[in-house]
């Protein structure tokens, strides 16, 4: 009931369909009011069916919510279920259900959930949830107790973290399986975590533990280690600089070795936290580059002769040119605050002064940026650490220690690229920068070829071998993420790109014997696989000889799958610019995008720039500068004709360029853009020919011509602007999504100028001038053949119109120039980052 005495009702019942009603309370009868109450009660009963207080135990086996007239989503879940570690520690592991940040079209969080731990191929819930947050509760799935967890209320949750403990005598792999509910009608069933290895616990006894500080050692438990590790991850990227191994482990909180550096809360300097697993030492180095040599190092070490089973910290130096390490005689500039060792895990916290001098070299952590080197190993030497056989990574670039962010180590995928193996990625020069949205590599191994593929935010990544740069009659290898598969979430297939007119991809009729999947993973939306392919394969009657033949490479990645093929490549699609042998290391680069960028730039210049000005000149400036002329023509007409001729030339040139670039009709995702663009080009093409057959002023057909000329010109302009909006959504254009707002700003600016000029025309008309605010639909005195002395004087308010024209010209030129820069330098964010880096290096 609103404040104005209006009742808003949205209800569903057995005899009434879902309907939205606005009822003034003073206009309904007593019977109608009771009907409203009855419907509200039924609607409340419907909502109550959603189990806002948690899932009942009757759903333990199938995990399907009992929501009437609904079905589970069959798309990939936007929510994730992840464990804190790939294996249990002392029989326990933590599991988190989380919602993505800013998921398009989704509610910010989830309303409900049900999670269980299950072994593969089984539906029985295992173990016990020993710790749940306030917004969650445990339920009993027979015959166990507290072996499932669910929500306590229907309030939206961004993430829920729970602790699970395995049965004491159980060993093997489990998955956390969840149902996640966004709202009453939208939910996903069977969302799985990556496998977690349950290690059989030693129920009684266990190794002693200790900490090595100035005080006597205290007993250390697994909980102490886990707590210290989780505290280390907290704040990575916001209040700490963090680097970990393997790649991407910080996001999943599952690093084999990790270091976090943050400003000390008191006394200046920095606090360094380090963890290494199954190691004798973990160390961090401060370096001027990404390789060992002339680096200041802090080590946390568990020494074999330490009777107290503790941890010590040392300062050391990486000798230049030898890749060896030596401890310093002078152990100053740092202090061990806490050290913990248990079951092969080393944890330490060190306070480090802001400025230290090592080997006559000063390290100023406040003012000088450094690369962080992280190393961990299972062996020690006399007065030194051993080889870093457990972890070794370096940050990709230098940064100040006060510049808090997660430091991303170089991706090992790119090691050897275009030196020992062929690499091809997108966008642009991403292989050199080791940061591709999608990338593939080919390595020759005797009679077989090893392919590696990787893509971010994708459900599949695929590489095609083609005789040209276009899809059709191509042999394709696919790496697919299928979470519903019982044999593993990563699959690899060989498939075939069907040529026109039935353009598409099929795998059903393609033999799979010529390829073997070697390895695959799917982590935080990034898919990776490594596979081996035979030297010679025959697909759809075409023989592909990888040693003798040359091919174009077609790299594609997408977020969706079909039942027997991959979906549309909405993440990336790129073709190599040259045809080469796969053994030609470094022989593939991305095809030139020059024609594509010229097409976009010309269309923006034509329709955002020239057309906008040409239309306004003809519409509002016929009675401005009437005493002047250009080549015998009125000023407005000369400029209108010049600008619209530019629109015609730029549009036709842009259309020819894109036809040459695409080489045929476009794919499904681009078809609307292509259809509207074709319609715009056709209307633009006929417009000047219509002008050539313009009837003479006063002729009977002149009024019809004026209407037709106005309609064709304005329709073409509107279609062109809509087509440019649609171009922003095309992956191939690589335009930023915020370009839409620049276009919205242009439209608003252009409409406002039109409105002001129209009002000026009305004021001029009232002052006795002739009507100038619209394109004349009937013959008025020709702007080029003055028939009366009145035309030798500008209409009133000419100064205001001229001022508005200056504003319009400046605004349109600025917007068009900016949009052209976005098109030419796409992807703009990457180009801008490279420009900033080049400025820093000057």
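We count from 1, first residue shown onward.
Every residue gets a Cβ built from N, Cα and C, even glycine.
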Annotated range (TrEMBL: transmembrane segment) out of 548-573, 704-729: 704-729
Residues flagged as transmembrane segment in TrEMBL, choosing from 598-621, 766-789: 598-621
Best-contacting stretch, by C-beta pairs under 8 Å, relative to the transmembrane segment (642-665) and drawn from 598-621, 671-692, 704-729, 741-763, 803-828: 598-621
Feature contact check the transmembrane segment (671-692) with the transmembrane segment (741-763), CB under 8 Å, 3 or more pairs: no
Integer average pLDDT (0 to 100) for the domain 'Reelin' (37-217): 78
Among 598-621, 671-692, 704-729, stretch most in contact with the transmembrane segment (803-828) (C-beta, under 8 angstroms): 598-621
Residues in the domain 'DOMON' (434-558) grouped by DSSP into helix, strand and remaining coil: 0 helix, 77 strand, 48 coil
